[in-house]
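Copied over from TrEMBL, here are the features:
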| type | residues | note |
| --- | --- | --- |
| TRANSMEM | 12-37 | transmembrane segment |
| DOMAIN | 14-394 | domain 'Major facilitator superfamily (MFS) profile' |
| TRANSMEM | 49-69 | transmembrane segment |
| TRANSMEM | 81-100 | transmembrane segment |
| TRANSMEM | 106-126 | transmembrane segment |
| TRANSMEM | 138-159 | transmembrane segment |
| TRANSMEM | 165-187 | transmembrane segment |
| TRANSMEM | 219-240 | transmembrane segment |
| TRANSMEM | 252-271 | transmembrane segment |
| TRANSMEM | 283-305 | transmembrane segment |
| TRANSMEM | 311-330 | transmembrane segment |
| TRANSMEM | 342-363 | transmembrane segment |
| TRANSMEM | 369-386 | transmembrane segment |
């Protein structure tokens, strides 16, 4: 009985290695997020709309290439596709690092998104262990994702402050090269056992079934909304904080204080929601906090301490929603479609990144920050309405 619960000791090193690869991969992506708007503004030919595109294009190319990379990896194996994706990411990073005008940044970000290997890594992980251990493995990935996001959001501005914008992207390139070496020397090469005659009609029917599943549609809108708001916030926060009298070289201290405090507040809530099985109630509370945080942010952009408080509320709600939604997606999904459900969930995240960047840049171009806030408030209000329609007792 005991052995049925724990992951085999022989598989644990592989799982650990794959999680390190996840961490290295995602840290390079997240470290750039807080500094991109400031970096983009310093480049020739930049405007608010193109700055937004430079952020959002990553999500768009991720969506376009997730499925093709997954299908190709089914045919030739996971490891070659992971390495190819990481090499593309290195090229994108270096193009960004040496950029002097905005279009170089946009092309570099598009290449970063083109390296859409997230679903391939997940498939490699799940194929490496027995099905009964999949939830444990995904839980480890989820924890790694959360820690990496928090650490990278803090580390990115700090590194940029010490080594400059170009230095940050060179460091991200080094991290990506280390990831390639780790994949090459530690991940075994396997040949796909998937039927080469992939039934595309079945794939698209599976996707259609999940997209039209009413409960999953509501949950996927939550993650889409959350990541749209996240990107919109990082588009406007640097400008607001600077207007409040804090130069860019201290922004990382503000992010660090807010994010670390949010962990201490949200972690007990997450723990209790799982122990007491009040996940739906916690999701409702978190979505309401998300709306409240943006409303307070909107009306306190000239008061540093109140604005800081609203940022705190945002990250508390972000942590809660981000931790609860994957469980609800898995719980709601039909058994034979759980993999497809996770893929659609990931697409919702990237769609939020894409829309947040492009729409945010457009709104900043035609007006100022207040129009972005109105869009955020509209989106989060719709999110609250959708919450009232959730039916299942999670």
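Cβ coordinates come from backbone N, Cα and C, glycine included.
Remote same-chain partners of the transmembrane segment (283-305), defined as residues 6 or more beyond its termini with a Cβ less than 8 Å from a stretch Cβ, comprise 222, 226, 229, 240, 243-246, 311-314, 316-318, 320-321, 324-325, 328, 369-370, 373, 376-377, 380-381, 383-384, 387, 390, 394. Counting same-chain residues at least six beyond the ends of the transmembrane segment (342-363), those with a Cβ under 8 angstroms from any Cβ of the stretch are 48-60, 62-63, 66-67, 70, 113, 118-119, 122, 207, 210-211, 216, 219-221, 223-232, 235-236, 325-326, 329-330, 371-372, 375. Sequence-distant residue pairs (6 or more apart) of the transmembrane segment (311-330) and the transmembrane segment (252-271) include at least 3 whose Cβ atoms are under 8 Å, placing the two stretches in contact. Of the candidate ranges 49-69, 81-100, 165-187, 81-100 has the most C-beta pairs within less than 8 angstroms of the transmembrane segment (106-126).
Long-range contacts of the transmembrane segment (138-159) within its own chain (CB-CB distance under 8 A, at least 6 residues past either end) are made by residues 15, 19, 22-23, 26-27, 29-35, 122, 125-126, 167-168, 171, 248, 251-252, 255-256, 259-260, 263, 319, 322-323, 326, 330. Stretch with the most C-beta contacts under 8 angstroms to the transmembrane segment (49-69), considering only 81-100, 165-187, 219-240: 219-240. For the transmembrane segment (219-240), same-chain residues at least 6 beyond its ends with a Cβ under 8 Å from one of its own Cβ atoms are 33-34, 36-38, 51-52, 55-56, 59, 248, 251, 283, 287, 290, 294, 301, 307, 311, 314, 318, 321-322, 325, 328-329, 332, 344-345, 348-353, 355-357, 359-361, 364, 369, 372-373, 375-376, 379-380, 382-383, 386-387, 390.
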